[in-house]
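Below is one structure; the comments refer to it alone.
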Amino acid sequence: MQKILNIPYSVQWNDTHITILNQQALPHHTEFIDLHTPGDVFQAIVSLQVRGAPAIGITAAFGAALSAINAKEEELAAFKKKVEEDIQHLASSRPTAVNLFWALRRMGSVLAKAKTVNGAKTALVHEAISIFTEDEAVGRTIGEHALSLFNTGDSIMTICNAGSIATARYGTALAPFHLAREKEISLKVYACETRPVLQGARLTAWELMQSGVDVTLITDNMAAHTIHAKGVQAIIVGADRIAANGDTANKIGTLGLAILANHFGIPFYVAAPSSTFDLSLPDGTTIPIEERNPEEITHIQNIRVAPKDVAVFNPAFDVTSAELITAIITDKGIISPDYKENIAAAIR
Ligand code: MRU
């Protein structure tokens with residue numbers, strides 16, 4: 001498999017610990033942190049040092065593997081109880097991205113089937129590595145499908161970071177841009193800065209520049225004008241959870257872009273792996289939306305920019321209803337409406 005030049009892996013397994021790219025330090029420093037315990041992993045997810053739905057799932061799976069290899073319990077039932085507790089704790093790190101629960105469910109079922117402590121340790125490490133390597137292949141497939149929807153010279157808008165560093169490799173919404181670079185197809189990307197945490201400005205701009213993609217940064221409130229003034233041909237975004245009818249939770253601001261795409265008559269694509277679908281939810285109304293620290297809004301780089309004690313609403317995600325989505329690009333192919341029927345057929 002070809003490598004994207006100059007972009008470090010977001011997560012790597014190193015036998016006794018994992019090493020993550022500290023996404024909070026970007027774009028100023030390319031800094032790596034070693035995580036030795038499930039508690040370290042929990043903190044890294046909560047603090048957004050690692051973020052992005054697939055990367056959260058992969059890192060949590062490695063957290064469960066670290067729990068297993070660190071466990072001192074020699075008796076199988078006590079060992080399983082300890083690892084299960086750590087899995088439950090990891091599952092409480094963030095609420096919206098379903099990949100977290102999907103990955104931990106896979107780890108939990110491997111744990112449940114284990115017959116010996118040593119067998120469980122080996123099997124859990126293997127399962128976490130499989131979750132990682134499968135995601136790398138999935139990202140590349142999503143990229144190939146997405147690239148088939150674009151034409152040379154297209155200008156495409158995106159929000160947040162659904163890229164290499166939000167996954168094992170390649171990303172979802174950003175995968176077609178990395179592949180386009182490999183294939184020397186020219187595409188232009190408009191990246192929304194993504195207030196308040198600036199995943200677009202700090203991460204997507206950095207990642208695409210590392211890969212040599214033609215990227216232009218805009219603030220979120222410039223999206224409508226930019227689509228019109230620059231003739232943007234399509235919008236592509238990632239996803240944190242997709243319900244059975246295609247309703248999609250993604251980074252706050254995504255819904256606004258979908259409405260704009262509809263207004264301007266351009267396609268609005270969601271790119272996501274099968275692990276992002278939550279078929280237990282008939283629609284998006286019950287997707288849990290994370291609300292984060294008000295200081296993300298009242299302060300910029302630790303400097304207060306709003307009056308003290310102002311009321312703040314800081315949802316990290318919104319839900320775009322399926323009727324605004326032109327197609328959902330997955331590792332199982334491109335899913336078009338009718339979503340209820342076509343998602344059920346594609347995603348099992
Ligand atoms: O809060 P974040 O940075 O974890 O939010 C990430 C997103 O909303 C991404 O678009 C989504 O997880 C897809 S990542 C391939």
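For all residues, glycine too, the Cβ spot is worked out from N, Cα and C.
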Pick from R94, R105, R304: which one does TrEMBL list with R51, G52, A53, Q199, N250, K251 for the same substrate site?
R94
Tell me which residues of the chain lie with their Cβ under 8 angstroms from that of R51 (substrate binding site), as long as they are six or more apart in sequence?
Q23, I45, N161, A166, Q199
Distance, C160 (site 'Transition state stabilizer') to G52 (substrate binding site) (CA atoms, angstrom):
9
Measuring Cα to Cα, how many angstrom lie between R94 (substrate binding site) and D240 (active site, proton donor)?
11
Sorry to bug you, but what's the C-alpha spacing from C160 (site 'Transition state stabilizer') to A53 (substrate binding site), rounded to the closest Å?
12
I'd like the number of other C-beta atoms within 10 A of the C-beta of D240 (active site, proton donor), please.
31
Residues satisfying Cβ distance under 8 Å from N250 (substrate binding site), sequence separation of at least 6:
I159, C160, A162, V237, G238, A239, D240, V270, F317, D318, T320
Counting across all protein chains shown, how many other Cβ atoms sit within 10 Å of the Cβ of R94 (substrate binding site)?
21
